[in-house]
Ligand SMILES: *Cc1c(COP(=O)(O)O)cnc(C)c1O
């Protein structure tokens, strides 16, 4: 048992596979983060936990590593630059960040700042996103791309940005939108820059595949494209068509899908160019996946390609079609969101209890005089389990337990006897499962028993707030304990959250071959804090959460590397999560009115001599103070360590 070390932990949780070079485990058995992808600068997550506590920040806590975000931006831009240099492609890459993937101001600002050398821009899919993007955007060479359905005000704002000298491209999602844009532009006397979203036949696979294909919600059919081209020509605006766009969906697991789609779209670009438009950009949308389980397969939560392969395949595919069609190489635009932001944030959650099947007793149950025969039977059974009869023993134990249940239903078994039978039953189950551990062939029923024996870790967070896609789409995220990783994790557990919803749990875990139903963990010790890390949650999750049970936003810490600091980093900013008063206000409760009502009840209690005035005022004060506290549970007064 003492042999278990960091290498074993890294292998057990596949850290090297999903970690992308940003996460590892140190000698002390703690998860560490390498925000710039190099082992020279590491941050121990338990250090961050200590820091958070010293600032009275409780859990759940989202930790953002800004250097990691910068590293992602640089890595993607370099991948395209390298592919372009290597292939002799005759144009450049100009990526944009789709704000919807993480709209947090600090995140968007960091991405644009890191992307400056490459004129990295922004993609907006709604009015609020455009309003934010316009103000933040300052580089006249970088793009603002407007996707999504648009009304007059959306279009007007985009054209205002045109007047400010920005490259703003309005991507037409359906034909009527083009008419509308041309009209608003004429009214405002500004020449628009138009993009056309083409509807490809190539369709993705995976959970988000419906953004592409013939039945997609967005995009112009071939007939519509021809009409759009004619409409522009009729208005003397053929030159306003600047971009051809497609988006096959997010988290595309198979590179084959990307290649097919890029070639199909390049053909549209080439043919439209030949119809007399000076198209400058080919926008390949999002879809660049993240290998959440580290399996490098076409499984939904994985990808069978690397970033470099993705960039190379796009560049070469565009080039091949353009060369064959004898048209100029366009500037390549991509809208990768997930691949930029997924890695940068880690959710740290505190476990505050564990429901164990056999929590009643790990002591041996011995026969007592007067025990009903079923108790005697199961005790005898437990004393005679051997390698040869282990499966048979399990079956016999199951039968005794069923008979005990029938007797209990008929009122013929008391609680104490039933408890003794169940205790021995789970002990037998545990013993049999342990006997099969590490075997090459494990019978299906034993595997099921292993899952049934798993603990349920009570975790202080809301799946609906912090891990929405796990609940909604069954997406997998890497999860692991943050410390004690030089100790063998000899329990298996699922994670349940604190919402009053049986769906509020994590019971599917990443695995190289399969999906696991329990996660190896250490035994939870009462009074000793035990933290779980949920990784790669920076894309969509930490910004998209809902208000189930009114838990609201979680506390955040923003971290920057700094060699001059003893700890190797500094906390640039702390964002407090939602308070009880804030979430109540969002749902129309007036906190003053709430306090007034409690005061009236307190006054009545004083009048009726049910409370003394001093005590009553203290209760009122407590109530009012809770309105300013964090919505999640706080166990600081229960932890002994
Ligand atoms: C959501 C979306 C993206 C981002 O996709 P990722 O797979 O997260 O990179 C890009 N473009 C459009 C049009 C989108 O709707």
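Glycine residues also receive a Cβ, built from the backbone N, Cα and C atoms like all the rest.
Listed in TrEMBL:
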ACT_SITE  500  active site, proton donor
BINDING   282, 283, 284, 285, 286, 287, 288, 289, 290, 291, 292  substrate binding site
DOMAIN    92-342  domain 'Orn/DAP/Arg decarboxylase 2 N-terminal'
DOMAIN    371-448  domain 'Arginine decarboxylase helical bundle'
DOMAIN    580-633  domain 'Arginine decarboxylase C-terminal helical'
MOD_RES   100  N6-(pyridoxal phosphate)lysine
Problem set entry | Those residues of the chain, 6+ apart, with a Cβ under 8 Å from that of residue 284 (substrate binding site) | 246, 258, 261, 262, 265, 314, 332, 333, 334, 335
For this session: Could you tally the C-beta atoms, other than its own, that fall within 10 angstroms of the C-beta of residue 290 (substrate binding site)?
Result: 24
Problem set entry | Conformational class of the residue listed as 'active site, proton donor' under the three-state DSSP mapping | coil
For this session: Could you tell me which of these recorded positions, 282, 288, 500, has the fewest other Cβ atoms within 10 Å of its Cβ?
Result: 500
Exercise. Among 282, 284, 286, 290, 292, 500, which recorded positions lie by ligand 1, judged by Cβ under 6 Å to any atom?
Worked result: 286
Exercise. Over the domain 'Arginine decarboxylase C-terminal helical' (580-633), what is the model's average pLDDT?
Worked result: 95
Seminar exercise, completed: residue 100 (N6-(pyridoxal phosphate)lysine) to residue 286 (substrate binding site), Cα to Cα, whole Å, comes out at 12
Exercise. Taking the Cβ of residue 286 (substrate binding site) as centre, how many other Cβ atoms lie within 10 Å?
Worked result: 25
Exercise. Where DSSP helix means H, G or I and strand means E or B, what are the helix, strand and coil counts for the domain 'Arginine decarboxylase helical bundle' (371-448)?
Worked result: 58 helix, 0 strand, 20 coil
Problem set entry | recorded positions compared (100, 292) - highest count of Cβ atoms within 10 Å | 292
Exercise. Do you know offhand how many angstrom separate residue 290 (substrate binding site) and the residue listed as 'active site, proton donor' by C-alpha?
Worked result: 31
